[in-house]
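Chemist: Starting off with a structure, shown below.
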Amino acid sequence: MAAGHVAPSREEDASRGLEGEISRERGGLGPGRAWREAGPAGAATTAPAQLRDATMEHITIPKVENVKLLDRYAAKRSANGTLYLTATHLIYVDVSAEVRKETWILHHHIASVEKLPLTPAGCPLLLRCKNFRVAHFVFGSEREGHAVYTSLLKLSQPVKPDELYAFAYNPKSSKDSRESGWKLIDLRADYRRMGIPNEYWQITEANKNYEVCSTYPPDLVVPKTASRTTVVGSAKFRSRGRIPVLSYFYKENNAAICRCSQPLSGFSARCPEDEQMLQAISQANPGSPFMYVVDTRPKLNAMANRAAGKGYENEDNYANIRFKFIGIENIHVMRSSLQKLLEVCEMKAPSMSDFLAGLENSGWLRHIKAVMDAGIFLAQAVEREKASVLVHCSDGWDRTAQVCSLAGILLDPFYRTFKGLMVLIEKEWMSMGHKFSQRCGHLEGDPKEVSPVFTQFVECVWQLMEQFPCAFEFNERFLLEIHDHAFSCQFGNFLGTCHKEREELKIYEKTHSLWPFLLEKKQEFRNPLYKGFTAYGTLQPNTFPFSFQFWCGMYNRFDKGMHPKQSALDHLLNCLRQKTELEENTTKLENVGQRPGAAGAKILPRPVPPEGRGDRRSAPPDLGRRDLPAGPRSSLEHPRPRPSRDRPRPRYGPPPRTPPAPAPGGHGF
């Protein structure tokens, strides 16, 4: 190790006391800062031994001094400080600033580490993060830069699930507290809220031991007329056994949204049980003579799958269905589109034409529009046409999750609340088998499986919030926090790919749930413009091209120089806090006036003294005046002139004198 860069021992670090308050930088950081090693002075050293041993062996230089952190948009704002590598975070302490500033980057948030060519300033290292932070460090020597580079490559790509942050994160809560956190979201309660079970739908236990479908949860809602034989037979005809199950029930007209995977139909295969299942879904909505079957893929892609023995439903084989393609691209196209978008975001000084051309070439907003259009189609089919809808893509865990959850938000105000969005994500994404582990790149694996499917859903919700700013209980920060923790691996909610895998990993026994943590910060995430649960019914957003915006708050969130000193949301939150304080103070004053023994039992205006009696009020003590005695005036007191009715009287002191009458012919000046 180079001279001047000797890392202190863990005991020395733990004994020195924290030098300054740690700024709450974003990057998936919740209360998990309690376990750190070899970090800034005073950093706690409570990382569990298993994780500590697994990660610290990858760290050859835990502390490097004289490291520069470059600002992408203003070279003059570049910082000089010390970089630490801990078991869980990269920590950069800016020692050049007047106020101590620490930047924390979770290892799990790092998407790529790039070692750039040497420059006269030193060895540059470029970090790109999954929450769209870009950090550009410059080390004084190549040896230090290379050591940090190799360490981060290992630390950011764990191999085994037990190396993930969540299995070591300990917020000092009891076992009962952890268990109650996992019980906060009750999906059966959400079905009861919809009116399930009823005469048309039931909760089946056919998948109790994951016998029907390993990527579905144990509790599935199916038509009441669908027998176990129908359920099992349909599962054999659907990709990965993902049968049609209920996603959302619109109890106002009995229309339903169901989801599944593509049929294994090829060009001519049929399945009587699968046809019976779709017939049962259609009959569960007696108010409509037909149901929609929506394939979210482009038609060309679906036809290619048909050649591989999969495909889509043949309208001739299914009674009373109307088939429709939506045209949302696959995960590979979306991954490429996001990469192009981020390249636009990293342009240092783009012209307006360059930025707009890059945004158009990325196709990102076009894909957002496609997802939004699909959700709107489902919502309108259910509410306006009173028709049930069956949705699928290929395996029913990517585009299907996007579309069904978005339709739920459009139809149901409950899903626009804090608790509702949590329930929706648990129901449509986690329990129904979205592959968070692969799509978010939690573990070292095939990079082609990584795709921004969940990111697109979060952005669709934000686009709706921009069009309906008073319809959502939460604000933009709530969405950003959820998005951060989809990649942070700090909580167990987003780990694994399905309910069965989470049980095998003992997620519910060894990790903590994200939702209680978010509810504790509810005031920070509250939308000050929210009008309440009943103010809006079904949302009907515009999808004209000009209705979609670039989300600077997501993709350039960490570029501080680009943002105003105070955002509109900050201003509204400050106004709301001031309003609340004023209301509290007013209530206190009213309570004081209503106490027993208070004058008049409430605050009343001061009475005007009787005419000719003068002013007998007393001045405040700080004015040095004595209280005027009550009773008849002394003969020594001079009579005061009668106050004018046209001029306001001062609160304290003698009344104003009556001005003299103007001289004849004068103006009274």
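A Cβ is built for glycine as well, from the same backbone N, Cα and C atoms used for every other residue.
According to TrEMBL, the protein carries these features:
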type: REGION; residues: 1-46; note: region 'Disordered'
type: COMPBIAS; residues: 8-27; note: compositional bias 'Basic and acidic residues'
type: DOMAIN; residues: 181-555; note: domain 'Myotubularin phosphatase'
type: BINDING; residues: Asn330, Ile331, Cys393, Ser394, Asp395, Gly396, Trp397, Asp398, Arg399; note: substrate binding site
type: ACT_SITE; residues: Cys393; note: active site, phosphocysteine intermediate
type: REGION; residues: 586-669; note: region 'Disordered'
type: COMPBIAS; residues: 612-628; note: compositional bias 'Basic and acidic residues'
type: COMPBIAS; residues: 635-649; note: compositional bias 'Basic and acidic residues'
type: COMPBIAS; residues: 651-663; note: compositional bias 'Pro residues'
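Distances, neighbours, how buried they are, the whole picture for these features please.
Modeler: According to its DSSP assignment, Asp395 (substrate binding site) is coil.
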Chemist: Over the residue list Asn330, Ile331, Cys393, Ser394, Asp395, Gly396, Trp397, Asp398, Arg399, recorded for substrate, what is the maximum interresidue Cα distance in Å?
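Modeler: Largest pairwise Cα separation, rounded: 13 Å.
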Chemist: Could you check the binding-site residues Asn330, Cys393, Asp395, Trp397, Arg399 and say which one's CB has the fewest neighbouring CB atoms inside 10 Å?
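Modeler: So among Asn330, Cys393, Asp395, Trp397, Arg399, the binding-site residues given, the one with the fewest Cβ atoms within 10 Å is Asn330.
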Chemist: Starting from the Cβ centroid of Asn330, Ile331, Cys393, Ser394, Asp395, Gly396, Trp397, Asp398, Arg399, the recorded substrate site, name every other residue in that chain with its Cβ within 8 Å, sequence order please.
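Modeler: Surrounding the site, in chain order, are Thr296, Arg297, Thr400.
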